[in-house]
Amino acid sequence: IMKFALLILFGSLFFFTVPICAGLNQLCRLMNFYVQTKGLLCLSYDDYGCWCGPGGSGTPVDESDKCCRSHDFCYDAILAKGSCNPYLVQYKYLNGTCVKSVDKCKHRTCNCDRKLALCLSKAEHHWRYWGYRFWPGSCKV
């Protein structure tokens with residue numbers, strides 16, 4: 001019974017996370033198009049500062065963190081319009097540019113992601129802020 005319960009648990013986790021991972025993978029590939037020239041990958045920004053990665057709070061630690069906060073606010077604006085979840089939508093881009101789509105949800109999401117990628121490509125990345133949100137007393141509201 002224990003093996004069956006674990007199978008159900010991991011199967012449901014896979015079922016619910018695959019669409020989210022697809023959206024994140026898309027964002028990651030678009031970011032890589034811009035930030036790889038700096039010798040970085042999108043994962044260099046996972047849990048960076050107070051705003052890069054899931055969630056976000058507090059004062060951004062630098063310009064890169066401000067880029068991530070703006071991206072969070074961009075997604076919040078899309079979510080506020082209703083009927084569109086930028087975490088699940090899949091869009092198309094070519095050479096770092098969003099491909100026009102009649103689907104406004106796809107177009108808005110791609111533009112949010114593209115703005116983030118452009119912003120991060122221009123901002124300094126400081127490894128000392130990687131994992132910063134987990135430091136005691138950091139990222140307080």
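Glycine is no exception: its Cβ is also placed from the backbone N, Cα and C atoms.
Bear in mind that TrEMBL entries carry predicted annotations, made automatically and left uncurated.
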Which one is it, Cys52, Cys84, that TrEMBL ties to Cys68 with a disulfide?
Cys52
Cysteine from Cys67, Cys105, Cys110 that TrEMBL links to Cys84 by a disulfide bond:
Cys105
Just confirming the record: what cysteine out of Cys21, Cys119 does TrEMBL connect to Cys67 via a disulfide?
Cys119
Name the secondary structure element type, per DSSP in three states, that contains Gly53 (Ca(2+) binding site).
coil
Between the Cα atoms of Cys112 (disulfide bond) and His71 (active site), what distance do you get, rounded to the nearest Å?
6
